[in-house]
Amino acid sequence: MNKKWLNIPALIALLAAIAFGSVAPAEAAPATSVSNKQNFSTDVIYQIVTDRFVDGNTANNPAGSAYDATCSTNLKLYCGGDWQGIMNKINDGYFTGMGITALWISQPVENIYSVINYSGVNNTAYHGYWARDFKKTNPAFGSMTDFANLISAAHSRNIKVVIDFAPNHTSPAMETNASFGENGKLYDNGTLLGGYTGDTNGYFHHNGGTDFSTLKNGIYKNLYDLADLNHNNSTIDTYFKNAIRLWLDMGIDGIRVDAVKHMPFGWQKNWMSSIYSYKPVFTFGEWFLGTNETDANNTYFANESGMSLLDFRFSQKVRQVFRDGSDTMYGLDSMLSSTAADYYSVNDQVTFLDNHDMDRFQVSGANGRKLEQALALTLTSRGVPAIYYGTEQYMTGNGDPNNRAKMSSFSTSTTAYNVISKLAPLRKSNPAIAYGTTQQRWINNDVYIYERKFGNNVAVVAINKNLTSSYSIAGLNTSLPSGTYTDVLANSLSGNSITVGSSGAVNTFTLQAGGEASGLTRRRQRLR
């Protein structure tokens with residue numbers, strides 16, 4: 001479906017005359033991936049729904065009605081993906097070829113084995129969010145030995161491993177029906193702590209389901225029918241501090257925390273302090289925001305909790321501008337300015353186009369150039385970029401579970417794969433991309449030209465989202481040194497070059513329809 005885009009002109013014209021420097025400023029964090037667990041600014045994350053990626057070991061596939069070998073009849077069942085399958089793709093170079101330096105995988109803990117029927121459809125815990133024991137593995141993904149092997153394989157390729165972790169809840173439960181599912185039972189390395197019904201120890205909240213009307217309502221009531229854990233209970237508090245230490249000891253490099261909006265802020269800050277005092281790793285949380293939504297509590301959490309957040313403000317705006325066409329580049333510029341003002345560490349927020357809870361960015365039958373441009377923006381913007389599995393293969397799918405379909409292909413020749421592979425390494429080679437500030441340099445409804453700057457390191461990116469009209473760009477002033485900037489993606493796409501004068505002024509040039517151009521500089525070394 002993507003081959004027709006391989007010969008399109010001027011999709012990404014990445015212009016580089018690398019000038020004046022080869023060493024990052026002293027304040028820049030080390031770029032080596034697995035040696036720096038606390039800062040992911042130089043990394044590109046690849047999010048994997050483990051069950052939907054590769055079945056590397058058929059022996060651990062669930063038995064009976066929980067498993068669909070075709071992964072097509074019912075996407076709510078297990079499909080067979082596991083850690084061995086991820087290792088296979090690590091070892092064959094699929095990730096390193098794309099420039100990926102971190103893998104975010106599904107929650108690895110033991111989940112319930114029950115098949116739960118909702119409205120006539122069987123549901124399983126393939127996604128990893130229906131936990132029963134946070135100190136054991138999900139056998140459908142592999143054993144502790146398999147997990148250790150995954151960490152080892154990733155680290156041998158200088159790839160970090162981030163685990164999803166969902167301490168907000170266990171599994172579906174009903175207050176009046178202990179036989180529903182597995183009654184939300186929580187185990188401690190095989191020993192039952194308690195279930196939702198008959199909860200005499202107060203391990204869970206029993207306030208009904210949240211209607212999302214207030215923050216407090218969402219914290220102390222169940223998220224849908226998921227048994228909501230009481231983190232103010234000392235046993236639960238100790239349990240999760242010990243549970244995450246087990247995974248830290250296994251060698252993980254990062255944590256994505258599910259549903260942070262639905263847990264007490266004070267407990268999360270204390271939990272993060274426990275993590276940082278034990279083995280600090282980069283941690284980011286999920287706080288969903290809808291289109292054009294802002295929330296002072298979201299901002300406060302990002303600034304005060306000790307963890308970063310998935311940047312839904314970035315994602316929703318990029319989707320509006322590039323995917324849906326419902327906003328202009330002025331809206332994009334406004335979002336970048338407001339988030340830079342709101343988030344103290346805006347470069348540490350995790351940016352993305354889509355994930356397992358959203359419609360995929362690529363729309364069936366839509367022009368793939370929109371996706372490719374949005375990827376280029378995400379990879380060169382502030383924040384830590386995360387790519388959802390299959391994006392590079394133009395996978396489509398609206399809503400759960402269609403947005404979690406089986407990985408469709410592992411082609412390394414798609415335009416999207418090559419865009420990622422060319423732009424991802426820039427986060428290590430140019431500190432402006434990893435650590436820089438962002439300044440708008442030229443704008444209209446369709447064109448956005450922005451500059452990233454860190455010390456004397458500069459990157460200038462120009463994007464024309466109009467797929468049918470070119471624009472003459474005049475009066476553009478930058479911090480780029482003088483020189484001619486040529487297309488480093490010439491092997492993939494046909495780009496143009498630009499000429500910069502001594503004052504940083506760019507000679508008038510034409511930005512092609514659907515085009516993007518980036519100029520990069522570093523100090524002391526010149527490449528012509």
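Placed from the backbone N, Cα and C atoms, the Cβ positions cover glycine too.
Just one of N168, N177, N183, N303 is listed by Swiss-Prot for the same Ca(2+) site as D228, H262, and that one is N168. The Cβ neighbour count for D258 (active site, nucleophile), using a 10 Å radius over every protein chain in view, is 19. Excluding the listed site residues N168, D228, H262, the same chain places H169, H205, G218, I219, N222, L223, L226, L229, A259, M263 with Cβ atoms within 8 Å of the centre of the Ca(2+) site Cβ atoms. The Cβ of D357 (site 'Transition state stabilizer') has F288, D400, N403 as same-chain neighbours under 8 Å, each 6 or more residues away in sequence. In the three-state DSSP scheme, H262 (Ca(2+) binding site) falls into the helix class.
Rounded to a whole value, the Cα-Cα separation of D228 (Ca(2+) binding site) and D258 (active site, nucleophile) is 13 Å. Note: the CA-CA distance between H262 (Ca(2+) binding site) and E286 (active site, proton donor) rounds to 10 Å. Neighbour density for D228 (Ca(2+) binding site): within 10 A of its CB lie 29 other CB atoms from the protein chains shown.
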